[in-house]
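I have placed the structure first, in the form of structure tokens, so that the comments after it can refer back to it.
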Amino acid sequence: MSLGTSPAQQIGKEWRRILEEYRLGHPDVTVLDPPDAILHLRNRQSMLQCVADMNLSDSYGRVGVPKQLVIKRDASSIPEAVNEAGLRLPLVAKPLVADGSAKSHELSLAYDQNSLLKLEPPLVLQEFVNHGGVLFKVYIVGEAIRVVRRFSLPDVSRRELSKSAGVFRFPRVSCAAASADDADLDPNIAELPPRPLLERLAKELRRGLGLRLFNLDIIREHGTRDRFYVIDINYFPGYGKMPEYEHVFTDFLLSIMQSQCKKRALADQY
């Protein structure tokens, strides 16, 4: 049975139609990233699939995604669905739609089975991975890669889990005010992911997503040195929080302009 087209889907279609008409009417305008590829990241059910499909395991480390489950309706079915999927508590609950709004960043941590009934679908449930309370924001601007540390949720011990219950709601945890770059951290927690691993990951995602302007939220499993998880991908994030963003962005736009000029020069020769 069809549920029809939602207002958000209608807006998305209209947005794409307008941009496509503009592109066709102005062939000299460069489209940095295609609208369809951008919309792919608005859905947390699909945004991490590209990472999950990768076989990114080598001497520099392993990259995957936390085990997750999509719940589109009926909160009463969540405990059974979680059991069938074999997910372990605690679980991070994220809104299914990631549209950059404040609501899309309203995350929750569910500690027990009863708390799952208090969640509000549609949402994505992700297994919480202890990561030392630090995440890495990896900014991609074309070929450029920049990494910053951000404070995140603290680890949850088995003892804490056995004594905790309910749903803990928390705001966006990776904001600029939560910078961990200058904090006195355990070196094993603060160490950035290996550069070669990030370069390969960025290359595969640029190709797989068809995008050039995005960032990744990456965590390292606590107690390991080489086990990483991508927990979110955001299109055109707040680049003002990225070190030297002015120079990086200027170089990116300049490289695109130079590439377009070369293509036109070659076309004129023929």
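Cβ coordinates come from backbone N, Cα and C, glycine included.
Curation does not apply to TrEMBL; its annotations are automatic.
The ATP binding site annotation in TrEMBL covers R44, K94, 126-137, S152. In this view, S152 (ATP binding site) is surrounded by 20 other Cβ atoms within 10 Å of its Cβ, with every protein chain counted.
Here TrEMBL flags H105, K137, N234, G238 as 1D-myo-inositol 1,3,4-trisphosphate binding site. Within 10 Å of the C-beta of H105 (1D-myo-inositol 1,3,4-trisphosphate binding site) we count 18 further C-beta atoms, all protein chains included.
Annotation source TrEMBL lists Mg(2+) 1 binding site at D217, D232. Here D232 (Mg(2+) 1 binding site) comes close to R44, M47, L48, K94, A98, L216, D217: these same-chain residues lie at least six apart in sequence, with C-beta atoms under 8 angstroms from its C-beta.
Marked as Mg(2+) 2 binding site by TrEMBL: D232, N234.
On the 0 to 100 pLDDT scale, the domain 'ATP-grasp' (55-267) averages 89 in the predicted structure. Here TrEMBL flags 55-267 as domain 'ATP-grasp'.
N234 (1D-myo-inositol 1,3,4-trisphosphate binding site) is 13 Å away from F136 (ATP binding site) when you measure Cα to Cα. The Cβ of N234 (1D-myo-inositol 1,3,4-trisphosphate binding site) has L41, A98, G100, F214, N215, D217 as same-chain neighbours under 8 Å, each 6 or more residues away in sequence. Counting every protein chain shown, 22 other Cβ atoms lie within 10 Å of the Cβ of V134 (ATP binding site).
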